[in-house]
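Peer 1: Per TrEMBL, the features are:
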type	residues	note
ACT_SITE	His262	active site, nucleophile
BINDING	Trp160, Glu170, Asp190, Lys192, 253-264	substrate binding site
COMPBIAS	1-14	compositional bias 'Basic and acidic residues'
REGION	1-33	region 'Disordered'
Amino acid sequence: MFMEVNMEKESPEKAKKRKIDDDGDGDKAREESESFNGFKVKAVINENARQKYLFLHCTKNDEDAVVLLEKTPFDSSMTDQILSDNTKIRQTLQNDIYHTYSALLPENLNGVKATVICPASEKHIKKYTEQESFVIQETAELYTKVTLPYLEKHAFSTKWVYNILEKKKEADRIVFENADPDTGFILLPDMKWDGKDLNSLYLQAIVHKHGLKSVRDLNKSHLPLLNNILEEGADVINQEYGIPKSKLRIYIHYQPSYYHLHVHFNHINLESPGFDADRAHLLVDVIENIEMNDSYYQDKTLVYRVREQDELYKLYQDEGYFVDFPINTSISSNSSLTAAS
C-alpha cells in the first residue's frame, strides 16, 4: 500500500488524493486513512527543520511502514480565518514594536501531508533514512560494468508505473495523455504537490514507450518523444493552470528514483532538492545534446550522488572506486627543490 492523505479536516465532497500500490484495495485504503490507529513508531529516520518534514520508520500489524510527514503551505485565501479569534496565540517575545507569538491555528488550517508506504521494504526504509552522500563520476565504461547490471536486477519494481499507463490506477489524476506508443506520454501531478499552490506546481510526464530506463538510453530516435513532452506538456500546463513555459523547469533526473523514463515539470518558484546540479538535466539541454551527437548520453561521463547505504554505492566501493590515494610527498619535495635551485 502506498497512499497519501492530507491530515486536515475536509468537507465531505472534497476528494482526497491517494496512490495505492499494485495489490492495494481502494476501500481499505480509505478506511485506514481516517487515522494512524495501529501504527507504532520504531525510529525517526530523517528530519529537517527548515523544510519542515519528519520521516518515521513504523510498524502496523507487524509490517514495516514508512510515514513521511510534511507541513503543508499556507492557503492565502484563508487569511481571514487565520487572523481570527479561532487562532489562539501566546506571546513569547516583545521588544519595542516587535512581538513574537506561538500560534495554534484552527484544526482545518493546520494541515500536514502524510505519505504512507506499507508494507515498506528495506529499500524504502533506506531511501528515506538520512545518510552520508558521495559523488560518482560515471563513465560509459562504469555504466556498462557497474550501473547497468545493478538497475536491471535491483531497481524498484515499475509495475505501479504500468498500472498508471494502462489506467488500472490513478486514471482520475491524469491531466493529459498523448496515447502514441512511441512518442506519447501521460501527464499527471506528482504526489509531492498538493494540487493547490501553483508556486509549488509539480507534474510528471511518464512515457508510454517501454524499455527506456533513463537518459542513458536516449538517442536521436527519441527526439520526437522528447519534443512532444517539452511542447505538449508545457502547453497543457499553461491551459490547465495558467502557468507559461517561461515559468517552468522541465528536466530529467539521473539517477532517477525509478527506471522508466519520466520528465519533471516544476514551477520555477519551487525550492526542490531534486533540481540539484548533480541530478537534474534540463530537457532542452538533453534534446540539444542529442541533436549534436546521437550517442551523447551513451558516451558522456555523468555525475551524480549516491548514499552510503545505497546498493549502488556498495557496488562502486567493491569496484575500488572510492579508494583514497595517499599524497605523493616525494613529488612535492622534488618540486620544492627544483623551485629553490
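In case you wondered, yes, glycine gets a Cβ from its N, Cα and C as well.
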Peer 1: Pop the Cα-Cα gap between the residue listed as 'active site, nucleophile' and Gln255 (substrate binding site) into the table, whole Å please.
Peer 2: 12
Peer 1: In DSSP terms, helix, strand or coil for Trp160 (substrate binding site)?
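Peer 2: Going by the DSSP assignment, Trp160 (substrate binding site) falls within a helical segment, counted as helix.
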Peer 1: Compute the C-alpha separation of His262 (active site, nucleophile) from Trp160 (substrate binding site), stating it in Å without decimals.
Peer 2: 14
Peer 1: Where among the binding-site residues Leu261, Val263 do you find the Cβ with the fewest other Cβ atoms within 10 Å?
Peer 2: Val263
Peer 1: Taking the Cβ of Tyr259 (substrate binding site) as centre, how many other Cβ atoms lie within 10 Å?
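Peer 2: 19, counting other Cβ atoms within 10 Å of Tyr259 (substrate binding site).
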Peer 1: Inside 10 Å of the Cβ of His253 (substrate binding site), count up the other Cβ atoms and send me the figure.
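Peer 2: Excluding its own Cβ, His253 (substrate binding site) sees 19 Cβ atoms within 10 Å.
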Peer 1: Enter the number of other CB atoms within 10 angstroms of the CB of Trp160 (substrate binding site).
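Peer 2: A count of 19.
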Peer 1: Just checking, which of Gln255, Ser257 (binding-site residues) has the fewest C-beta atoms within 10 Å of its C-beta?
Peer 2: Ser257
Peer 1: Does DSSP put Leu261 (substrate binding site) in a helix, in a strand, or in coil?
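Peer 2: Its secondary structure by DSSP: coil.
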Peer 1: Any same-chain residues 6+ apart from Asp190 (substrate binding site) with CB under 8 Å of its CB? Would you list them in sequence order, or say none?
Peer 2: Tyr202, Leu203, Gln204, His264
Peer 1: According to DSSP, does Gln255 (substrate binding site) fall in a helix, a strand, or coil?
Peer 2: coil
Peer 1: Helix, strand or coil at Asp190 (substrate binding site), per DSSP?
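Peer 2: Assignment for Asp190 (substrate binding site) reads coil.
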